[in-house]
Number of protein chains: 2
Amino acid sequence: MSQEITNTAPIGVFDSGVGGLTVAREIMRQLPNENIVYFGDTARVPYGSKSKDNIIRFSRQIIRFLKTKNVKAVVIACNTASALALETVQKETDLPILGVIVPGARAAVQETRNNCIGIVGTEATIRSETYNKEIHKLNPDIKVIGKPCPLFVPLVEEGFAKHSITKEVIDIYLSEMKKTDIDTMILGCTHYPLLRSSIREYFGESVHIVNPAYETAMDLKKVLAENGMANPSEGEASYEFYVSDAAEKFTKFADSILPYDVTTTKEVNIEEY
Amino acid sequence: MSQEITNTAPIGVFDSGVGGLTVAREIMRQLPNENIVYFGDTARVPYGSKSKDNIIRFSRQIIRFLKTKNVKAVVIACNTASALALETVQKETDLPILGVIVPGARAAVQETRNNCIGIVGTEATIRSETYNKEIHKLNPDIKVIGKPCPLFVPLVEEGFAKHSITKEVIDIYLSEMKKTDIDTMILGCTHYPLLRSSIREYFGESVHIVNPAYETAMDLKKVLAENGMANPSEGEASYEFYVSDAAEKFTKFADSILPYDVTTTKEVNIEEY
């Protein structure tokens, strides 16, 4: 299949649901020539409480689906899948595959002044310690403090991002971390940028917040350039959206957070891939 | 297959995850002779935000799996699947299949004095209006007030059932309903009995709380008796637990809410059924 892939082929971007749209948005901003095929696994969301074996199986199915769309590269825009499946699927696939963790870890290492970094994410992401490993590859002296915040995703999905309840939940999860010396905090879940202002307010100006989405788009740009795969055409890029369930709800959410009109999302039975 | 089924065959009970254990527990109490095969779809939990088509597909797969265990009857111990899939799978299956909604609706109709019933449940259950339809079959004059409470499931699953945050969320979701005349409230999601004391406290003694699990076990007893299918053997019943993901976490939860030691849960790739 790889011989058919041209530079005008799309980038495949996937996530467990809508969260990865914060990554797609960064790619749209930084690589405006690139076409995108986005897949949100809304039939099996959330990934954060599920096992490594299943996250790998889900990721394989989605990559098989994206290959039917002739993508030239894949971005795993989901921290949990990046933490648990990236290494495995990279070995099996003849396309460049990027996750969000390596770029996020690198940005945090560059940012910290006192070598003390905090990470918030799903249970699976924190338990995997993948951020810790990537940070320690760059600087083994950095102290890393991780904290799973499993209620953040449902709070965002239910529209409570700006609610006082969410501020209380932030305090419950993060009061211990606030007492530590961290000067840098990684938002290790693609939903969390939507809580950014509340988290920033809670920690104050002394803690720098890292959103891996921005760094991931930068990395993608570099990978495409290095492989001579950047799209040279300057016409309007095309964006396609696929989900495994509830296309209409997804379309509304996508339309509200992307800087252009999202009108259709197609539904796919991902278990057939 | 049906000719192989004997009276000693197990009852199949399924749910999107752990919530249906509140129904399994009632069956164990009221039908101590019956063997049970429980399936929790932990790879695809939660169901409450997903579409009817997918809930039907998931339910069909699970029933096919339960049939490989030679069950003599199936209990859909999940309100969302009972609301969206029961009617379809009943037509396709040569076994008695019971949901939790008809028994819950009947109990509420018997209970109400002023013909005003409240229902709390997932988004999908409330949107389906299945409780409303079942209540109106019994008494078309009853006023039914439904309210989706999507954060209740993650709050229970994350161990916040007794936390003050949950009391605040109860107030956010149910303050409107508290101002109405309801004298009866259906806990229309199998997780919600675990919030029962907080909900009772919020509404006070004047509102009667209906837990459909109890009524469902009563109905099952009746169906088995009517079909001459009750298990006559008085030895110790056997209980088997299967999930589609994260067996260990499930075992811990099951062990904490069931009145006997749960030591093993087996993992099944449900997408193969």
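In case you wondered, yes, glycine gets a Cβ from its N, Cα and C as well.
According to TrEMBL, the feature substrate binding site maps to A:D15, A:S16, A:Y47, A:G48, A:N79, A:T80, A:T190, A:H191. Per TrEMBL, active site, proton donor/acceptor is recorded for A:C78, A:C189.
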Excluding A:D15, A:S16, A:Y47, A:G48, A:N79, A:T80, A:T190, A:H191 themselves, the substrate site's Cβ centre has within 8 Å the residues A:G17, A:G19, A:G20, A:V45, A:P46, A:C78, A:A81, A:T122, A:T125, A:V153, A:C189
Here the Cα-Cα span from A:H191 (substrate binding site) to A:C78 (active site, proton donor/acceptor), rounded to a whole number of angstrom, reaches 9
Integer Å value for the Cα distance linking A:N79 (substrate binding site) with A:C189 (active site, proton donor/acceptor) is 5
By a three-class reduction of DSSP, A:N79 (substrate binding site) is assigned helix
Excluding its own, the Cβ atoms lying within 10 Å of the Cβ of A:C78 (active site, proton donor/acceptor) add up to 36
Should one count Cβ atoms within 10 Å of each candidate's Cβ, the binding-site residues A:S16, A:N79 would be headed by A:N79
Counting every protein chain shown, other Cβ atoms within 10 Å of the Cβ of A:Y47 (substrate binding site) number 28
A:G48 (substrate binding site) and A:C78 (active site, proton donor/acceptor), compared by Cα position, are separated in whole Å by 10
One should report the C-alpha separation between A:T80 (substrate binding site) and A:C189 (active site, proton donor/acceptor), rounded to whole angstrom, as 8
Within the same chain, the residues at least 6 apart in sequence whose Cβ is under 8 angstroms from that of A:D15 (substrate binding site) are A:L21, A:V23, A:Y38, A:F39, A:G40, A:D41, A:I76, A:A77, A:C78, A:A81, A:T190
Quick note, A:S16 (substrate binding site) and A:C189 (active site, proton donor/acceptor): C-alpha atoms separated, nearest Å, by 11
Among A:D15, A:S16, A:Y47, A:G48, A:N79, A:T80, A:T190, A:H191, the record's substrate-binding residues, the widest C-alpha separation in angstrom comes to 12
